[in-house]
């Protein structure tokens, strides 16, 4: 392929750009050989003429086709060069928001500066077990590759994370470690990862600082080794640190800070415990104020310091050590602020003895002040003969002080790392490890010094190792494919490394110059010029004699030699170290001890020891002078070699972190900065190595599918695809060097795939043009015929329309004439009527106007008269008030005068009666006051009487005067005339009004009738409309109400279902956790057994029960205390891994544990007391003779008790009858008055129930007491050595005493009825005397035992009262203290405090009462249950005794007669002996195979076990029932544990366990479970035992088996899902193939073909369904199983779809929809579509539809939002970002469209989780499913070997 073909018109190229580095352009003209320029058009439509270098003939880089842009692996690009790499990273980062990209073996990680939801547990589980190229690039994929290669190759691995400061190295390393912790067995973060994460705050505090590029820059490198055992579980970790930047302790550039710990300590200086540190603000110290700003925006140093302290505590650093660490750090700050004064001579200096900073430094480190002051300013020189003490200049002292500060900090740093390693260390043997290296990338600044030199030197070594590894992998790939290997020219940086570290290299010359006493940086630089000026990698700057340039692999770096020697020496004088060694603080002395580090002072300026606290140190070297010998460069070179040795011994994996911009803006890409880092981190070198060979590689099958369109038809006849591919390539590419045929792949040179894509596109374009031509011609013909037919039709219709329109016109003209005639007539009539009505109206209004005017005049005159009347009245009243006010004033003056006189008289009288007033002050005052009041009232009465008489006379005179005036006015003649006129006017007015009113009445009547009629019609119409509206409203309301009620009911139902599902899920999760804990316990027990078998110290065996599972099941004979202790011990051994359980359950368990502990203590005390009593009685009483009691004593005792109870019963009956009569009388009265007999009937029912309960309780008490007495007698008769007879009953869980009177009566009855006993005949003939003596003796013993018991009770009661007394005393003391505190408060506070105290007291009392009620209720239930059990036992014992007695008598009568048993009907019970139980469990459970029962009844073992349980119930043997059920459950667990991957066995025991559970419910006797039973089945119910608790245990066991069944099925299906659902072509020829990169040929991928098709999944599910149906599993459970499996298929498929770019295409959506439809069809064919499995697939269905929908316009966005309701916003956006067209004819999804989708989905409250939880399990429900079989119809096959079972 010639250059002209490549550079043709419309070809896109890359040209350099100063702003964007590279810019895209398109050729507007073909290029020809010899052209000096190219005609280009830029993306902004600008025309550009691009010149070509004629000498080099270097054309611009070609751009890859759009189909290759955005690939996961950069090596999949056809054209591999810098602009292609940069553009691909930019597109992925900005448009798709993908921060990870592969570049061969390198993972490129771009820091997004934003939290992304791609690091959760679900993502970890999705990447776990996947091949590296199958999923999208991720740090988890690299970690999984390392973990997989470690497990497969058994070789240690390393992950090398590098990059600039702020590029995200630490975060990447953190997520890699989290992945290892999760897949390595520490997913709960409770072991190693938690400690490693806890070390992060510490290492950030002491090793991170603010720089100009990063606020939290790590100033050291670390290598963390995560150790694994043989099972590849994490067992420990170890940390090594490198390149600590010590110089930052004493110097910081502008806008930078020292290490964070200094500022954190200053921020916390105000705390009380840090007062002795004498710290203030960070601005006050020299070492923390050089950079300027001491704070970081958004960072709280005090809060970070608290996190640092917590991390120290978590890692086990003691408080004393923490305080010592902080003292050392504070002392460094004080040391930096010491004031050093130069002397006049300039060769010496001194420090003031009163220097506060030096005093604080010495005090904090515990050293001598005078010695440190002296040796800071002096140094000791040692020669062969003498020792000199020499002064130092100011600069030398400052350098020595800084070196000491750096040395102290470096030693402290090492000590902290050592303790972190101790916390991460494990005693177990490490099998392999994975190391994570977090180290600096290549650095270059404006001024580069010794630190940058060390960093770049380390990166040269790492790049060399990287290049060799890449070269090796390329060679292995070529050899594997059997391609001829040709050497590839790649950059070898060994000459640069030799320049630095070889003999007489830069480091060697630097060490040599450091040995010279007066060596300088200038001399060293001159030596470099002289020695290495000829080297290609060394250059001398033109304008400087103190700088030099090294050509590194990434770039040229200019280093300034100033400070190299001083930093390389880093001299710390031994005298200062010796002072620190003599510190009185152990930690300070330990830091500088010789056996710690032989060369502690020369840790590198930016590189400390390579392995801190990891390797053992060598013995210290004796030095001749007083300063240490090894230089920083030497140590750094040694540590670097050790690191390289470690890395070379492992398989490396590379992560290169890129910083996209310096402003830390989220998802902002700066091309310049990115290119710099890509060049520096070796990514472009990887690209160059790949491009030098055959970077594009295609499998034959993929190549054939992609480029089959280029194959000729005759070549398709060949069936050999390899031969077809060879033929096609030989025809298309003429140069044979451009491709190579490998064993399984075809290798192409760079650009060849792009050329093939061009040919393919041309072929498609030609075919498209041909198709378009043909289709367009056909469309035009069809269009012509359609137009012709349409024209004829239009003509016909138009002509008809015109004729119709003419006829219509004529008809309208005629109608218009008629309308005009009638209209004109109507208009004339209306005009006449209008004129007539107007005249009438005008007349009426005129007449009314005149009338109103006359009326208004008359009205005005009348109103004037009224006004005059009221005015005159008002004037008269005002005159009267004026006269009355004057009279009142005169009266007041007179009264005042009179009062003064009276006052004067009273005063005179008061002076004369002074003595009497003193004697009777009170009475006199009262009398005087009363007398005064009476006088005042009399005077007031007189005054009022006088005023009344005066007022009366005045009013009389005024009335007379007014009468006279009225008479005078009436006599005047003018007034009579006005009155007459007024009367006439009034009469005329009334007549006029009468006429008007009559007329108006007539008009109103007429109009009223008319309006009423209209109104009536309107009302009727309105009423009709209202009725219609009301009817519609009622209908709508009814519909709305029904809809609302239905919606509310549905919402409530959904809520209840959801709550039920959550509760069930929570419970089943607890069951699952319990089973996991049980499994963990078994593992730990096995491990402990192995440990105990090893020689050495062994622990004594515990006295715990040997039964493994008794504690798991309720039993009468099993102690709950022991179970709880076992559970607590298990929790302690497991390490509280599941402590995150529900808090309510946890609190209940705690409470139960406390109760059981108290109960255990009480029982222990009682047991000890009982043992003491027994021992005392054994010593006190002599042995007794045998006692033989007649069993007929029980009959006598029963007769006596029966008589007593009968008498009591008669009394109670009489009382009850009287009560019934009284209630009946009252009820009749109430019925007669109210008529409600319900209360009477209810009361009678209650009385009946109470009566029945009383009778039952009486019988129970009688039977129990009888059994107690008989049991005591038998025990006394059977035990010869029994020392005494206990007064307590021996029934388990019972503490009731035997009644004394009952015991005495019982033994009297024995004495009376036992007159024929022969054993006591030696006393008298009848034996009565001996019998009486024996009875009295027994009674005496009973009384003695009872007396002792009472004394013990009395002692216990006394102790209890003492304890109560002490508690009351404590409470009184507390109350007194509270009272004293209350007195100090204000009154309001006292009231409030008192109320609070009362509330708290009442709350405590309420809680105590509730607890007491719970205990009493619990005790009551327990006693009732025991009473029932004992009653049944007593009845069965009596029946057995009677049966035995009758059998004994019958045997005595018929001793010689043989009786044959008749054959009885099988009652559905199976009898077995106790010793056959183990054989039964072995044959029926442990050794049973499901194939043995293939032709029998399903769930036969469950039926057999129930028949055995029923016989044990029939014989009332509770121990047998308990033992059988416990053994069965344990046997099932053992079988499932043994066959934990056998689906058939698990399904078999799930069906049998559920059937046994159903049988226990069906035959329990509960009416709720007996509704579907037949009469025969009801006869098979249990009679004696309530096995409800065992039903719960079986339910839990069923849940565990179900979860194991799902786990097995998921394990079988999961490897098939991705291949069958996403990769397999269900519709042939639909999907295309795209080129793949290096990761698709990763070493972790298996060579075999593991592809599956959808038929494999359906076939496997058919097998599952058949097995479950054959074994009789309930249909409801089968539905739940397939619902869970379909959810797992949905989750795995969707998660892979969200993490794989290669499957997000239209064709995959089509294939996926087809596969889902096939699964739905399978569900319908098996009648499983009602299980809800289809609903679980809804997210996957919507994802498939999303891949097929249009993605361009706003309407498309709305359609997507309305359709994808089951997908979250993140999932929708992720799929759109991943969507990749398979050919160039399909457009990509634009960024604007994705933003539109995001804007429309903002209102959704979606979870932040991207992936579905594939581990989620729906809660299982076991609905009750009774069996129709009867127990007597079941036959046991002989293959079960159960001949020892007897049918009953």
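Counting starts with 1 at the first residue shown.
Cβ atoms are placed via backbone N, Cα and C, with glycine included.
Owing to the predicted nature of the structure, the values given are computational and were not obtained by experimental measurement.
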If I look at Swiss-Prot, which residue among 186, 1446, 1828 would I find recorded as phosphoserine?
1446
Looking at 491-525, 526-560, 561-595, 596-630, which one does Swiss-Prot call region 'Disordered'?
596-630
Quick one: which of 1062-1092, 1093-1123, 1124-1154 does Swiss-Prot have down as region 'Disordered'?
1093-1123
Can you identify, from 1031-1057, 1166-1192, 1193-1219, 1220-1246, the stretch that Swiss-Prot calls region 'Disordered'?
1166-1192
Which range is it, out of 433-455, 456-478, 640-662, 663-685, that shows up in Swiss-Prot as region 'Actin-binding'?
640-662
So what pLDDT does the region 'Actin-binding' (640-662) average out to?
91
Using DSSP, how many residues of the domain 'Myosin N-terminal SH3-like' (8-60) fall into helix, strand and coil, respectively?
0 helix, 26 strand, 27 coil
Three-state composition of the domain 'IQ 2' (792-821), taking helix and strand from DSSP:
30 helix, 0 strand, 0 coil
With a Cβ cut-off under 8 Å, give me the same-chain residues at least six positions beyond the ends of the region 'Actin-binding' (640-662) that come close to it.
89, 93, 103, 105-113, 139, 142, 145-146, 149, 153, 155-169, 172, 176, 213, 223, 240, 242, 435, 437, 441, 457-458, 461-462, 465-466, 469, 607, 610-611, 668-670, 673-674, 677-678, 681-683
